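Trainee: Take a look at what TrEMBL says about it:
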| type | residues | note |
| --- | --- | --- |
| DOMAIN | B:47-159 | domain 'PurM-like N-terminal' |
| BINDING | B:Asp49, B:Asp94, B:Asp246 | Mg(2+) 3 binding site |
| BINDING | B:Asp49, B:Ser63, B:Asp94 | Mg(2+) 4 binding site |
| BINDING | B:Thr64, B:Asp65, B:Asp144 | Mg(2+) 1 binding site |
| BINDING | B:Asp65, B:Asp94 | Mg(2+) 2 binding site |
| BINDING | B:Asp72, B:Glu285, B:Trp328 | substrate binding site |
| BINDING | B:Gly143, B:Asp144, B:Arg168, B:Ser248 | ATP binding site |
| BINDING | B:Asp249 | Mg(2+) 5 binding site |
2 protein chains.
Amino acid sequence: MVLADAGDVAGSSLPGAHTLSALGEDAVLARILPRLRPAVAALIGPGDDGAVVAASGGRFVVSTDTMVHGPDFRLAWHTPRELGWKAAATNLTDIAAMGARPTAMTVAITAPSDTDVVVLEGIAEGIQECLDALAPGAGVVGGDLTSSPVLTIAVTVFGDLAGEPVRRSGARVGDIVAHAGLLGAAARGLALLFDGARDASGEPDIALACALRARHPDLIAAQLAPRPPVLAGVAAALAGATAMIDVSDGLARDARRVAVASGVAVDFASDALGPDVNLALAGAEDHGLLAAFPPDARLPDSFRPIGRVVPGVGHVLLDGVIVDSVGWDPYLNWDGRAG
Amino acid sequence: MVLADAGDVAGSSLPGAHTLSALGEDAVLARILPRLRPAVAALIGPGDDGAVVAASGGRFVVSTDTMVHGPDFRLAWHTPRELGWKAAATNLTDIAAMGARPTAMTVAITAPSDTDVVVLEGIAEGIQECLDALAPGAGVVGGDLTSSPVLTIAVTVFGDLAGEPVRRSGARVGDIVAHAGLLGAAARGLALLFDGARDASGEPDIALACALRARHPDLIAAQLAPRPPVLAGVAAALAGATAMIDVSDGLARDARRVAVASGVAVDFASDALGPDVNLALAGAEDHGLLAAFPPDARLPDSFRPIGRVVPGVGHVLLDGVIVDSVGWDPYLNWDGRAG
C-alpha cells in the first residue's frame, strides 16, 4: 500500500495548534497548495477568482462527485492520502467513461474547524499521487475550503475529447459487452473492513484496519484507494466503443443504465464474471469501465468480453435470464455509521 | 421577495413519504431535473457519466464554491429557492470577476436522508431562476446527490472569455478603483436576522425571519438571495479593466488581495463608501465586483469610482491611511450555530 504508512492515519495527527480554526483559511491554503502541481492544461491556475483551462476542440467534458464522511468513507479506515486518492480516482473514471482524457479538476472540501491541517495535506498529496499515476499531466486548477460539521470532498473533473464522446445510449444489438478493471474487489474489501475492522461496539477501528491491510493488501486497497483503468477510456473510444459507463454502483445496476439509455438489453455470460457471480454483478465502487463494441472491433488490451447486447427494453440478463437490478443507492443503502 | 412565498419555507414541507430515503436517488433526480433547463452551451447535458460543454476559443473559466448548512446558511431563514439562488449567484460572480460570461454549472448536493424532496426541488428552482435572471442562457449540465448528515451545495461554474481574462494581479499605480453592486447590504441583512430572527434561546426562527422580510425586504434579500452584477464583469473587461475581484469577504479584505497580487496599494475615498464606512469595508457576502481601470477608461454604467491604485506593497488605505484587514474567514468567524 503505497498510500498508507505509519503516522499517516488521521488518528495519529498531532493535537493542538494545527487545527483549521487555529490557522485560518489563508495559512491552511499556504500549506496545501505546494502539494499540488500545475495541470498541463491550466492557462491560469489557482489563486484568482477562477482558473482558465485549455479545452481542445472548443469543448470539454465535465463530471462531479462528492465523498462524505460516513456514507462514503470512514477516517478510521481511510488514511487522508487514500481519501484524496479515492476522491480523484472515482471522478477520473467518469471522464474516462466518456472516452475522454482527464485534464484538470477543482476540489471543494468542507471540514470541521478542529480538523488537523495534516489531514488536508494528506488529502492533497493523495490527489496529486493519483493524478500522477492514473492521469499524468492532469492537475488541480482550483478549489474551495469551507467550515462544516462533516468532512466532505467534492471533486469536479474536466477532460478533453479526441473524437466524439462515448455515451450510454449508443449500444446496438450484436455488440460485444466488455469490461476493464476489477469486479467485486472493492466490495470484498469493504466487507472485510465491516467484518474485521470494527470494535466490540461496532465502531470503525484504526488498529484493526491496519491489521487487515497487512493480510489483504489488494482487496483493502481496491476499496480504500482504487486504481481504475482511466486511460482505457480513450483506448475504448479509439477502438470504436458504441457505449460506455463507469461501473460505480455495481455491474448490474450500471449495465441497466446503458440498456435503458440504448433501448436494448445486456446479457452477461456467467462464466466470464469470475467465481462469485453475484458479487461481480452487485459489488459497487470498483470504478471499472463497461463498454459495448461492434462485433468486429478489436478490443483494447485492458478490456475483456463479458457479454453481448441483445434485443430488449432496458433489462440486464445473466445467461439469457433477466436479473433484478442490484447495487448501491446512497439513500437506501447507507447504514448510518461514521467513524 | 420573488423567492419567498407561503409554503416555500423548509419547515413547512410535508412530513412522511417524500424524504430522500423513501424515494431513492433515481426518483429524487426524476423530480429535480425537470426544474432545470438546458444550458445553451451544453453539447451533452445531464444523464451520462459526464456532460460536454462548448468552450469558445478552446478554453474555459472555472470556479467552485460550497455553501454549508450552519456556517453559510440557516434553513430557518433561507427558503430552499433562496438557497439555490444564492448558491448560483455567489458562484456566477467568480466567473464575472474574471471578465467572463457564465455558460454552465455543475451542482453537487449532500443532504440528510430525512430531507423532504421539496427542499431539493426548491433549490433547483432557485438555481434556475437565478440563472435566468443573472446569466441568461447558462444552465446546469451535471450534478451529484449524496447522503450526508449536513446539507451542502457545492457549485462549480464555467464561463467563456471574449478576450483576455481579468486577473487580480494587473492593477497599476494611477488606476481608478471602481465597484459595481451593493456595499454592506448583505451584512446588514445578516445582522438584522441575527438580532431579530432568533428565538429566546438564540436559535434561528422561521416566523421571526418572515416578519423581518416584510419590514426590510431589500436588506434581507441582499443576504438571502443576493443579486450581484454578473454581466458587469464582461462589461468591465471590455472597458479595459486591469484587475478585478468578486467582493465576497468584504471590500477591505478583497481589495488587499488585489493589492498583494498586483504589488500596489488600494486607497479608498471614504466619501464614496456610503454613510457607514466600516460596514462598507468589512461587510461580507455582497458579491459585488471591485475592479481597477486605467485613468482614461470609460467606466461601464454599473461601476462607480471609489478609490485609486497608489504605490505600496499590498496595503489597503482609507483616505491615505492604512486600514487593518477586516472581513470574513470561514474558520475564524463562524459562531457554530445552525438552524
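Glycine residues also receive a Cβ, built from the backbone N, Cα and C atoms like all the rest.
All annotation found in TrEMBL is predicted automatically rather than curated by experts.
Thinking about packing and proximity, how do these listed features fit into the structure?
Mentor: Under DSSP, B:Asp94 (Mg(2+) 3 binding site) is assigned to a helix (H, G or I) in the three-state scheme. There are 29 other CB atoms within 10 A of the CB of B:Asp94 (Mg(2+) 3 binding site), with all protein chains counted.
DSSP assigns B:Thr64 (Mg(2+) 1 binding site) to a strand in the three-state reduction.
Annotation note: B:Asp72 (substrate binding site) sits in a coil segment as assigned by DSSP.
Using a 10 Å radius centred on the Cβ of B:Arg168 (ATP binding site) and all shown protein chains, the other Cβ atoms total 22.
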Trainee: Just give me the nearest neighbour of B:Asp249 (Mg(2+) 5 binding site) among the binding-site residues B:Ser63, B:Thr64, B:Asp94, B:Arg168, Cα to Cα.
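Mentor: Comparing Cα positions, the candidate nearest B:Asp249 (Mg(2+) 5 binding site) turns out to be B:Asp94.
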Trainee: Specify the secondary structure state of B:Arg168 (ATP binding site) as given by DSSP, simplified to three classes.
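Mentor: Looking at the DSSP assignment, B:Arg168 (ATP binding site) belongs to a helix.
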Trainee: Rounded to an integer, what is the Cα-Cα distance in Å between B:Arg168 (ATP binding site) and B:Glu285 (substrate binding site)?
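Mentor: Cα to Cα, B:Arg168 (ATP binding site) and B:Glu285 (substrate binding site) are separated by 19 Å.
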Trainee: How does the domain 'PurM-like N-terminal' (B:47-159) divide up by DSSP, counting helix, then strand, then coil residues?
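Mentor: Its residues divide into 38 helix, 46 strand, 29 coil.
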Trainee: Which ones, of the binding-site residues B:Ser63, B:Asp65, B:Ser248, have a Cα no more than 10 Å from the Cα of B:Glu285 (substrate binding site)?
Mentor: B:Ser248
Trainee: When DSSP states are folded down to helix, strand and coil, where does B:Asp249 (Mg(2+) 5 binding site) land?
Mentor: coil
